[in-house]
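Here the structure is laid out as structure tokens; the discussion comes afterwards.
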Amino acid sequence: MYASREDIGYDFGDDSKVGSKPIKPNPNIDGGWAWMIVLSSFFVHILIMGSQMALGILNMEWLEEFNQSRGLTAWVSSLSMGITLIVGPFIGLFISTCGCRTTAILGGILNALGWILSASASNVHYLFLTFGVTAGIGSGMVYLPAVVMVGQYFQKRRALAQGLSTTGTGFGAFLMTALLKYLCTEFGWRNAMFIQGAISLNLCVCGALMRPLSPKDLREKYVVRSDGDENRAKALSHSTETIKSNGVLGEEPEKKQEAATEEVLGSVQHTEIGGKSGSGRSMYGLRLFKTVSQLTITVRKGFALWYSSYFGAASLFTNRVFVAFIIWALFAYSSFVIPFIHLPEIVKQYNLSRQDNVFPLTSIIAIVHIFGKVILGIISDLPCISTWNVFLIANFTLVTCILTLPLMQTYVGLAVVCALIGFSSGYFSLMPVVTEDLVGTKHLANAYGIIICANGISALFGPPFAGWIYDITQKYDFSFYIAGLLYMVGIVFLLIQPCIQKEQPREKSTEEAQV
């Protein structure tokens, strides 16, 4: 069980979680259809994140085909990875307006189209548009709904559910690496991308499985205990108090406006029933007006929630711990992505291709990554364990491995470090849990959209930066050293901000005692 609001000293003003007890739970919460959501999210991670982790195979094919520098060619993979995550905040708007199911189905079609169009690429710049941008946006439209839906369907076993669903990344990296190697060898990289595009259409099936919960189920997921309000209020910082007083997102005016609109729609429906003797053209006009009005209400409500989360009184950016989380995300993800993109080239330089062909190092990361996500998820769900502490320990382990990797020049040494990278990077399954505990279920889609956007920026610039450093020094060593040091800076921000948040209430109480 994760006690971040007490441990970190922060309350976002979303009383739906803290000090609450579940009543009359929907049978699909923590069971039933919830496990179908986990299965859907699992296949999404296989087809999207797994495929992206296997792009090192295609990167070598593109280097030979187009004869461009490593830095420029790496932009194709990093654009796809980066845009998948960078579009998170905008996908949050789609989710607020259209729902997770519709967003995911449209994203599946767009992702498949990007793969298929890339099969006819004539140069690297063509791949920037088709694979980097088109497939990247499509991937983002499926990935965020897959994560959000798991968070909505689970209450008690969120870390385990997220861990199981995100193991698809490890399975996908292992399976897609072998699949793309086979397809490129047998049919060439162009036909391989065309076939992969056809496979990606299965994302639409995954999206169709994302059955939305009713608003009533979401409201009843948690019920607030009124006796905990006074104790929680004492622990709030000044910024949090502002959020709590002003962060109702304008619910009362919105309810009044919604009631007025429903009254208009009701009168339209009454006219529609009572005016059956009227002309068919006027009846069609009334139905069209009703449909447009309902669509307008949905879009305005979705946009209002999205806008208030970023720019309103309840802006997520007023949460200092969450801002530190964003800064960490800006540096962290590139340290995980760089090995996947450049390890095949490093293995070739060290003359370890024979051993790597038997058991690729990227496959070692992928397989151990699966166990890391599940084990870390199980540990985090234990009552005596803080998810925040597990998250930090895993980060320290990963950054140590990144700094150590350039020192290893034998296959066994690289395999050991890659195994540790795979296990410690299992903390990715904890990111949605940490985010939800920081901001609440209501703001999860928008908050996690910001986090993966920061991850996307990291993934966008990480691999090209590593390739650029190699073009200058003819070594990958400095690429890993610099990436590791930047990663350490992000971890320091995670350590500092919670301490500051804890000290603020103490200082305030001391001042009040003196008065």
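If you go along the chain as it appears here, the first residue is 1 and each next one adds 1.
Using N, Cα and C of the backbone, Cβ positions are placed for all residues, glycine too.
The annotation domain 'Major facilitator superfamily (MFS) profile' is assigned in TrEMBL to 37-502.
Below 8 angstroms of C-beta separation, residues 76-77, 80-81, 84, 104, 111, 139, 142-143, 146-147, 149-150, 153-154, 161, 164-177, 179-180, 196, 199-200, 202-203, 206-207, 209-211, 340-341, 362, 366 of the same chain, each at least six residues beyond the ends of the transmembrane segment (33-55), sit close to that stretch. Marked as transmembrane segment by TrEMBL: 33-55 (among others).
Residues or ranges marked as transmembrane segment by TrEMBL: 75-95 (among others).
Same-chain neighbours of the transmembrane segment (102-120): 44, 48, 91, 94-95, 126-127, 130-131, 133-146, 190-191, 193-194, 196-198, 200-208, 210, counting only residues six or more beyond its ends whose CB sits under 8 Å from a CB of the stretch. The transmembrane segment annotation in TrEMBL covers 102-120 (among others).
Residues 40-41, 44-45, 48-49, 52, 62, 75-76, 78-88, 91-92, 94-95, 100-101, 103-104, 106-115, 117-118, 162, 165, 193, 203, 206-207, 210, 432, 444-445, 448-449, 452 of the same chain lie 6+ residues outside the transmembrane segment (126-148) yet bring a C-beta within less than 8 angstroms of a C-beta in it. If you look up TrEMBL, you'll see 126-148 (among others) marked as transmembrane segment.
The feature transmembrane segment is assigned by TrEMBL to 160-180 (among others).
Per TrEMBL, the feature transmembrane segment maps to 192-210 (among others).
Annotated transmembrane segment per TrEMBL: 321-341 (among others), in sequence order.
Sequence-distant contacts of the transmembrane segment (361-379), counting only residues of its own chain at least 6 positions beyond either end whose CB sits under 8 Å from a CB of the stretch, comprise 50, 53-54, 56, 159-164, 166-167, 169-174, 177-178, 339-340, 343-344, 347, 385, 390, 394, 411, 414-415, 418-430. For 361-379 (among others), the entry in TrEMBL reads transmembrane segment.
The feature transmembrane segment is assigned by TrEMBL to 386-405 (among others).
Same-chain residues lying 6+ beyond the ends of the transmembrane segment (411-434) with a Cβ under 8 Å from its Cβ atoms: 2, 4, 147, 150-151, 158-159, 162-163, 165-167, 169-170, 325, 336, 339, 343, 347, 352, 355-356, 359, 361-362, 364-369, 371-377, 380, 387-388, 390-391, 394-395, 397-398, 401-402, 404-405, 444, 448, 451. Feature annotation from TrEMBL assigns transmembrane segment to 411-434 (among others).
Below 8 angstroms of C-beta separation, residues 71-72, 74-75, 77-79, 81-92, 96, 143-144, 147-148, 151, 305-306, 309-310, 316, 322, 325-327, 329-335, 337-338, 341-342, 431-432, 435-436, 438-439, 476, 479-480, 482-483 of the same chain, each at least six residues beyond the ends of the transmembrane segment (446-466), sit close to that stretch. Feature annotation from TrEMBL assigns transmembrane segment to 446-466 (among others).
Sequence annotations record features per position, and here TrEMBL assigns transmembrane segment to 478-496 (among others). Long-range contacts of the transmembrane segment (478-496) within the same chain: residues 324-325, 327-332, 334-335, 338, 342, 392, 395-396, 398-399, 402-403, 405-406, 462, 465-466, 469-470, each at least 6 residues beyond the stretch ends and with a Cβ under 8 Å from a Cβ of the stretch.
Note on the transmembrane segment (321-341): residues 8, 10, 53-56, 59, 74, 77-78, 81, 85, 173, 361-362, 365, 395, 398-399, 402, 405, 418, 421, 425, 434-435, 438-439, 447, 450-452, 454-459, 461-463, 465-466, 479-480, 483-484, 486-487, 489-491, 493-494, 496-498, 501 of its chain, located 6 or more positions outside it, place their CB under 8 angstroms from a CB of the stretch. Same-chain residues lying 6+ beyond the ends of the transmembrane segment (160-180) with a Cβ under 8 Å from its Cβ atoms: 34, 38, 41-51, 53-54, 56-58, 146-147, 150-151, 153-154, 192, 196, 340, 360, 362-363, 365-370, 372-374, 376-378, 381, 422, 426, 428-430, 432-433.
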